[in-house]
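J.: Below are the features I grabbed from TrEMBL:
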- Lys11, Arg12, Glu13, Leu14, Arg15, Arg144, Leu145, Gly146, Arg147, Gly148, Lys149, Gly150, Tyr151, Tyr152: ATP binding site (BINDING)
- Val57, Glu62: substrate binding site (BINDING)
Amino acid sequence: MQTCRSVAILKRELRKRIREKLKLLQDDIVEVESKNIAEQLARWTRFQQARSVACYVSFSKEVDTKEILRLVFESNKRCFLPRVEESDHLTFYQADSLEQIYSWEPNRWGIREPPVTQPVLCLQREPLDMVIVPGLAFDRMGHRLGRGKGYYDRWIAQCKEKRANQPPLFVGVALSVSMVDSVPVDEGDQLMDTVLFPIAS
């Protein structure tokens, strides 16, 4: 049985290994693999039926979400994007268009995020069908390794608690180098319902 300390060490080692692989990953591969994932989403019945989707604005060497966001808006779904608040937790705000998103000011990590003047997602009252989740590493069982801050794990746990009767589908998206045989996990780590990664067409 793994101790909390051994899990923390394994996570740290995996983060280092994946970051080194991502550094070597060429931008054109990121573009091709991101497009592949967007095409999988477009064909997926669960995505087609979703009326509201929470996503993220991609950063360097992540699955590029531009095409995913385009799909969301073109299919007239409601779109929500995260903002890291001063209290170090995530709040999701509504986004109205791609043009609006790319006009937003980047935060301290260089990631564009919604201003607090945008309508906020209320988990208790508003419908939310799908959440597209980034991560450094995933396995096929749905385990996820984030960047170590715990933002998404805390928000997902809160979302599951507040929407216990109708939780959204949590979908991890991963570049090929981010897929591993096994992700080390502890009790606070939240499981994805499914993980999308590049597949041969």
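Cβ coordinates come from backbone N, Cα and C, glycine included.
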J.: I want to check the contact list for Arg15 (ATP binding site): same chain, sequence separation of six or more, C-beta distance under 8 angstroms. What comes out?
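T.: Expected: Leu136, Ala137, Leu145, Arg147, Gly148.
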J.: Long-range neighbours only, meaning 6 or more apart in sequence with Cβ under 8 Å: which ones does Tyr151 (ATP binding site) have?
T.: Pro82, Val84, Asp88, His89, Leu90
J.: Out of Lys11, Arg147, Lys149, which of these binding-site residues shows the lowest number of other CB atoms within 10 Å of its CB?
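T.: So among Lys11, Arg147, Lys149, the binding-site residues given, the one with the fewest Cβ atoms within 10 Å is Lys149.
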J.: Have a look at the binding-site residues (Glu13, Glu62) and report the one with the fewest Cβ neighbours inside 10 Å.
T.: Glu13
J.: Show which residues of the chain containing Val57 (substrate binding site), separated from it by at least 6 in sequence, have their CB under 8 Å from its CB.
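T.: Thr65, Leu69, Leu81, Ile101, Trp104, Ile111, Arg112, Glu113 - these are the non-local Cβ neighbours of Val57 (substrate binding site), listed in sequence order.
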J.: Counting every protein chain present, what is the number of Cβ atoms, excluding its own, within 10 Å of the Cβ of Leu145 (ATP binding site)?
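T.: By my count, 21.
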